[in-house]
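Here is the structure we will look at, set down as structure tokens.
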Amino acid sequence: MRLFLAIDLPKASKKLLEEKLFDLKKEYADFKWVREENYHITLTFFGEVEKEKKDKIIKAVELAVYDIESFHLYSQDAGLFLNDKVVLYINFRREKRLELIVDRIKSRLNLVEGKKFTSHSTIARTKIPSKQQYLHLKKKLQRLDVNLDFNVSRIYLFQSILEGKRPVYKKIVSFKLLMPHQS
């Protein structure tokens with residue numbers, strides 16, 4: 001099974017994001033847009049996993065979050081990065097507790113350090129456009145005003161299931177974070 005650990009954006013944030021992206025989606029209808037119900041922030045992508053590795057992942061996540069209090073996330077801006085495709089995303093402000101969770105999991109599971117973790121939610125993918133199209137799209141994204149903020153009290157282990165050409169994300173384990181101390 002294909003697994004990843006993520007924060008599921010709350011329904012209200014997903015709805016707001018969908019509204020803010022409406023015009024962009026019409027203008028770039030040929031992009032592969034992420035469906036509203038699939039908006040999330042990936043913390044760690046595990047890929048194809050056997051049952052015993054799944055159990056190790058669950059244990060590692062439990063140990064990584066046992067003393068972490070819930071926290072707030074705030075969107076920062078929209079952007080894009082290039083790899084084999086162009087990925088459009090909503091960027092979120094750094095959150096130390098989130099970075100600590102990711103570091104602990106990578107350490108416990110001996111995951112090879114790849115790119116530095118940045119909290120973002122992918123909104124679309126497309127093939128690499130011309131330089132002019134790329135710069136035009138980048139400007140449009142810089143003008144996109146998306147103000148999301150929400151509390152994170154749980155993270156989830158998701159299974160990614162391909163149904164046709166579109167993935168379906170199924171929550172298979174929920175990990176509750178601590179309630180903040182009241183002073």
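The backbone N, Cα and C atoms fix where each Cβ goes, glycine too.
Curation plays no part in TrEMBL annotations; they are all automatic predictions.
Feature annotations, courtesy of TrEMBL:
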type     : residues : note
ACT_SITE : His40    : active site, proton donor
ACT_SITE : His120   : active site, proton acceptor
DOMAIN   : 19-83    : domain 'Phosphoesterase HXTX'
MOTIF    : 40-43    : motif 'HXTX 1'
MOTIF    : 120-123  : motif 'HXTX 2'
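Under DSSP, residues within the domain 'Phosphoesterase HXTX' (19-83) fall into helix, strand and coil as 27 helix, 24 strand, 14 coil. Every protein chain shown contributes to the tally, and the Cβ of the residue listed as 'active site, proton donor' ends up with 20 other Cβ atoms within 10 Å. For the pair formed by His120 (active site, proton acceptor) and the residue listed as 'active site, proton donor', distance between Cα atoms is given as 8 Å, rounded to the nearest Å.
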